[in-house]
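Peer 1: Would you mind keeping the following structure in view while I ask a few things?
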């Protein structure tokens, strides 16, 4: 056997040249205290706010408090296996979530991990959950409509792309249903939807996912779920995680809609964390920065200017009130941050007016500029008619001898209230809304019995679809009522009324 010394020396030389001395440096600390989803860690001197720390067993924690000799960490999972003295490692990463089309149609937890049993999320891009909102120069005023398919909202409190419209009301008044309808209405649009469930029951989230699937809306929707059984830090961070995923579309020149259900529970989770981290309590035991908690989240919803891609992110935050008290701490905070609110009332809900929207207390501060012209033309007088109706209805209880004008207003108002009722999960296209409201506001329904208004509307829309499809098509294309369309609509109504039996 001949030993080739040259060959051996070449191999040794190449090995020496390719040798890399790698030393993995990691800053570690020690758990001083753990309990209630909070850990105090000593030794990680260079930790950053919102940085992820790794605990034994792969559990992650997020740095929230930076103190003189230790850091307060919110644990993003169960703390049962962590004990005092355990080693903790810095990751050097700020909390980020996967973004892009890979998350569409999925049900995720706030860490971006799938919980729908459909395999991993194959995303190449990640985005930090906490990002600065666009500045003043980067924004453009809200001017494009975002129809929700709900007549009462599209007519009187219209929502534009890039707006923040609060949905507020007591428990069981249909707040989630209104927002789910808004998601269903985006079916044939270019809007990507996100539903963030914070502190909800698991059965509720399963029902929402099932409803979206049944109506074919899940393909353009992502659900981020932090249910009531999850630790408070996950409930707190869920809204920001959902917002980061939705912002990806805003910054790519596309459009997104995000529903936060609900921010009252997020504030409660944040209060729990803050008190456990020994931050000083303020009003209603909330920490001093609870306003900033919501403002920095909702300011990220914006209409971006053309030079940045003209994308938009529309937010529908939900707030649950206690016994109709909209002047409590969290409701007033969020009302002052948002661009208007849709107020749902239990009295209306129990009276069978559903969606139970109180059109007197509901406002849209910027949506008017985004409202479709045709809708403006038919719904312009509607708010006034309904306000007069409510005022007169209160007086009419005391006296029976009313003059003709008052009776006419009461009759018209009763029919408008009936017209604004709508079944759940049946959003209405805007051209059909315009057609039915035109009939009501121009007096074509004044002689129809109140009990038959819904029947009149359904049959009239069916008649238009079958026999007068060109009217609906022209409304859809022109987005306004000109003399030609108005003449054809009047003729169609007169023709339909001849054959209609209440």
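Each residue, glycine too, has its Cβ placed from N, Cα and C.
Quick paste from Swiss-Prot:
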- 169, 170, 171, 172, 173, 174, 175, 176: ATP binding site (BINDING)
- 362: site 'Required for activity' (SITE)
Peer 1: By a simple count of other Cβ atoms within 10 Å, which of 169, 174, the binding-site residues in the record, is least packed?
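Peer 2: Checked 169, 174; of these binding-site residues, fewest Cβ neighbours within 10 Å: 174.
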Peer 1: Quick one: give me the count of other CB atoms within 10 A of the CB of residue 171 (ATP binding site).
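Peer 2: There are 12 of them.
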Peer 1: Could you tell me which of these recorded positions, 172, 173, 176, 362, has the greatest number of Cβ atoms within 10 Å of its own Cβ?
Peer 2: 173
Peer 1: Taking the centroid of the Cβ atoms of 169, 170, 171, 172, 173, 174, 175, 176 as the ATP site, which other residues of that chain lie with their Cβ within 8 Å of it, listed in sequence order?
Peer 2: 320, 344, 346, 349, 356
Peer 1: Could you check the binding-site residues 170, 175 and say which one's CB has the most other CB atoms within 10 Å?
Peer 2: 175
